[in-house]
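Per TrEMBL, the feature domain 'Protein translocase subunit SecDF P1' maps to 73-130. Residues or ranges marked as domain 'SecDF P1 head subdomain' in TrEMBL: 152-250. Under the heading domain 'Protein export membrane protein SecD/SecF C-terminal', TrEMBL lists 253-423. Per TrEMBL, the feature transmembrane segment maps to 272-289, 296-316, 322-343, 376-394, 400-423.
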Amino acid sequence: MKKNIITKLCLILIILALAILIDMPSGPNLKFWFIDKKLDIVQGLDLAGGVHIEYEADFSKIETANQKQALAGAINVIEKRVNGLGVSEPTIRETSYGDKKGISVELAGIKNPKEALDTIGKTAELTFEEQVIDPSQGGGDGSAPGWNLTGLTGAHLAKADVTFSGANSQSINNKPQISLKFNAEGARRFGEITARNIGKPVAIVLDGALVSAPTVQNEISAGDAVITGEFTLKGARELALQLNSGALPVPLKVVSERSIGATLGNESIQKSLIAGIIGLLVVFVYMVFYYRLSGLIAGIALIIYTLIVLAIFKLIPITLTLSGIAGFILSIGAAVDANILIFERTKEELKQGNSLQEAIETGFDRAWLSIRDSNMASIITAIILIWLSTGLVRGFAITLLIGILVSMFSAITISKTLMLLILKEKLKK
């Protein structure tokens with residue numbers, strides 16, 4: 001029995017050491033087993049600051065049967081563009097406004113909301129158009145008067161890169177430009193277009209606006225093209241990102257935009273931390289006052305529980321919001337409740353004349369049924385909330401679920417091991 005307790009204690013100490021290492025504020029870069037990343041608490045929009053944007057989808061030119069697919073495609077394009085901005089853990093989801101549908105985007109920690117709006121919301125529809133001799137012939141297919149669509153679009157792109165106009169020369173007047181590489185079908189079409197337009201301009205049009213119209217000197221069959229213009233380096237990079245992400249399959253209109261400053265986020269974190277620490281201290285003092293040594297053991301188990309949960313938040317990682325912090329603090333209550341049930345059951349066993357070890361073993365076994373049933377109800381509720389809800393409610397449910405699962409492990413393993421070890425040693429003395 002003693003050997004079993006020592007084994008469990010060693011396991012607890014190993015888990016505790018790992019949790020402390022992971023919880024260190026410096027966020028260590030761990031490289032072992034399946035972990036190979038820098039571990040930090042990922043803060044949500046209400047903590048880190050950032051921007052919340054609501055878009056409404058314009059389905060006026062899209063058939064009803066294709067609207068769902070178009071919206072899903074738009075979400076996929078936005079995800080690619082947001083990843084290019086370097087935003088950690090963005091929240092992008094479909095929303096509804098009565099009979100209208102749209103997309104909600106939350107970008108935590110974004111420094112330039114305007115840049116995010118410009119990058120995300122542009123349709124980035126790239127087309128190549130060829131000139132017609134009679135201007136009246138153009139425009140029938142949606143192109144500008146005097147120009148006809150060629151059928152070559154951004155959908156045929158394999159890659160877009162930012163290069164410089166004088167990169168292959170000794171020129172000091174290098175200007176940013178966009179180098180395009182087409183896929184096999186795009187290269188074939190581009191070759192045909194350039195072959196029939198030698199000595200004529202081919203227009204490169206982005207979102208209906210003419211970007212450039214270079215004159216074709218010879219057939220280009222290699223599948224390469226260049227977009228030149230008065231680009232800044234930043235503008236060229238944004239355009240390359242949009243082209244690589246693909247065009248939005250449905251136009252989006254900004255319905256609302258809400259920015260949250262980092263100062264407000266920091267204030268929220270400080271207040272939440274203070275509330276959590278005060279709550280832990282009050283519970284700790286009450287447990288020690290009422291249950292004496294057993295209460296002290298429960299307090300130690302509670303601290304270990306808190307460290308383990310925070311480590312799990314970093315490992316997954318969980319995007320922590322104010323509602324998530326509330327769920328975490330509520331789960332601490334579940335951990336305390338489990339310990340109280342155990343202590344009361346143990347006291348009943350001692351009153352019946354059982355030895356300390358028998359009382360602890362039996363008390364834990366009988367308390368476990370109540371702990372399991374009450375926590376299962378909370379777990380099922382949390383899973384339903386995670387499945388059916390979004391945003392703040394989902395963040396609350398995720399942290400609550402993790403906290404409850406760890407609290408069950410803490411109560412049955414950590415508290416029980418510490419009680420058997422410490423109380424038995426106390427009796428020996």
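Placed from the backbone N, Cα and C atoms, the Cβ positions cover glycine too.
What TrEMBL says about a protein is an automatic prediction, not a curated fact.
Note that the structure is a prediction, hence the values are computed from the model and not measured.
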Statement: For the transmembrane segment (296-316), the candidate among 272-289, 322-343, 376-394, 400-423 having the most Cβ pairs under 8 Å is 400-423
- prompt: In the same chain, who gets a Cβ under 8 Å from the transmembrane segment (322-343) while lying at least 6 residues past its ends?
  reply: 44, 46-47, 268, 272, 275-276, 279-280, 283, 287, 291, 294-295, 298, 301-302, 305-306, 309, 363-364, 367, 370-371, 374-375, 378, 392-393, 395-400, 402-404, 406-408, 410-411, 415-416
- line: Across the domain 'SecDF P1 head subdomain' (152-250), DSSP labelling yields 29 helix, 34 strand, 36 coil
Message: Given a Cβ distance threshold of under 8 angstroms, which distant residues of the chain, six or more beyond its ends, lie next to the transmembrane segment (400-423)?
response: 5, 8-9, 12, 293-294, 297-298, 300-302, 304-305, 308-309, 312-313, 318, 327-328, 330-332, 334-335, 338-339, 342, 346, 356-357, 360, 364, 368, 371-372, 375, 378-379, 382-383, 386
- line: Summed over the domain 'Protein translocase subunit SecDF P1' (73-130), the DSSP helix, strand and coil counts are 21 helix, 21 strand, 16 coil
